[in-house]
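Engineer: Take a look at the following structure, please.
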Amino acid sequence: MSPTVEVFAELDEAVVDDIRAVVGRAVEEDGVEAISEAFRLALVSPRSGVTHFVAYAGESPSADLLGYAAVDSSGSAELVVEPGSRRQGVGRALLDAVLEAGATGVWAHGDLPAARALAADAGLVSTRELHVMKRPLTDADGTNPVLPEGFSARTFKPGRDEQAWLEVNGLAFATHPEQGSITLDDLRQRMEQDWFDPEGFFLVEDTTQTDDEGQHPLAAFHWTKREPSQPDTGEVYVVGVHPAYQGKGLAGPLTGLGTAYLARQGCTEVELYVDGDNTRALATYRRAGFEDVAVHVVYGRPTAP
């Protein structure tokens, strides 16, 4: 029997719990998160602009939940299928649903063989790659780097720095489909997560200038992440430089601020994510000892020649 796919603008708590259970079993089976942080947060955020698709074995809501998919306002989509219900048309039903709803790119986290086969069967091709890179951390990484002259670093102050950070983040990631669209609500939602630590959120200011209120302008930032469930692994969550300060020698020390903090917190490894077309960043991180451990791929319809 073909699965039934229901569409929701918002999800009730029981359905969210069922989806999280499916995602958890998929992680155990595949060894990779099927649903990204942004879409996981959207499960409980009515203002996310995300449309949800839930596949059932029969008529909802009493039937078993077989899979879940979502598409956001930018056309980015993700999906996950209950491991015990794979190869039964569930993935294709969800994929067809998000494509019909306007999805222009569907993420395959880990680019597993089943995901590649599903994409190929639907006539989709790889349109973007996101590299997951890691390197070990040692005691030597715990020393703060020296910033270029005219710059100083401090940590993020909740209730004070949100707007300045949003402005610089938007400028630094103006062409980035996910990070560049972060709103104040998105920021606040992340600040409510159990991993958020303002002491690991670094702001670099230009001390040669002051605004009308006597504040130094924000030049760059490095936001780190450390999940309580994985205390040995720290993440370069996001590093951004205001376009006016690019090429000023901030990139290396900026990264070092975060990795030094993570090392002092006891992390034994650090991970980060880099777009596959950012060859300069990939080369920089590989020279710094980072190695590829996984690749996430976006599949979309082929463009006309």
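From the backbone N, Cα and C atoms, a Cβ is placed for every residue, glycine too.
For reference, TrEMBL lists these features for the protein:
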| type | residues | note |
| --- | --- | --- |
| DOMAIN | 6-138 | domain 'N-acetyltransferase' |
| BINDING | L79, V80, V81 | acetyl-CoA 1 binding site |
| DOMAIN | 151-305 | domain 'N-acetyltransferase' |
| BINDING | V239, G240, V241 | acetyl-CoA 2 binding site |
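Locate each feature and note its surroundings.
Structural biologist: Taken through DSSP, the domain 'N-acetyltransferase' (6-138) splits into 47 helix, 38 strand, 48 coil.
Long-range Cβ contacts of V81 (acetyl-CoA 1 binding site) within its own chain (separation 6+, distance under 8 Å): V22, A26, A55, L66, G67, V90, G91, L94.
According to its DSSP assignment, G240 (acetyl-CoA 2 binding site) is in a strand.
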Engineer: Compute the mean position of the Cβ atoms of V239, G240, V241, which form the recorded acetyl-CoA 2 site, and then list in sequence order the other residues of that chain whose Cβ is within 8 Å of it.
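Structural biologist: Apart from the listed residues, the neighbours are A172, A220, F221, H222, V238, L250, A251, L254.
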Engineer: How far is it from L79 (acetyl-CoA 1 binding site) to V241 (acetyl-CoA 2 binding site), counting Cα to Cα, in Å?
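Structural biologist: Computed Cα spacing between L79 (acetyl-CoA 1 binding site) and V241 (acetyl-CoA 2 binding site) is 32 Å.
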Engineer: Using the Cβ center of L79, V80, V81 as the acetyl-CoA 1 site position, which other residues in that chain lie within 8 Å, going by their Cβ?
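Structural biologist: Surrounding the site, in chain order, are V22, A26, A34, G67, Y68, A69, E78, E82, V90, G91, L94.
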Engineer: Here are the binding-site residues: L79, V239. Which has the lowest count of other Cβ atoms within 10 Å?
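Structural biologist: Least crowded of the binding-site residues L79, V239, by Cβ count within 10 Å, is V239.
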Engineer: Rank the binding-site residues V80, V241 by the number of other Cβ atoms within 10 Å of each Cβ and report the first-ranked residue.
Structural biologist: V80
Engineer: Compute the C-alpha separation of V80 (acetyl-CoA 1 binding site) from V241 (acetyl-CoA 2 binding site), stating it in Å without decimals.
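Structural biologist: Rounded to the nearest whole number, the Cα-Cα distance is 34 Å.
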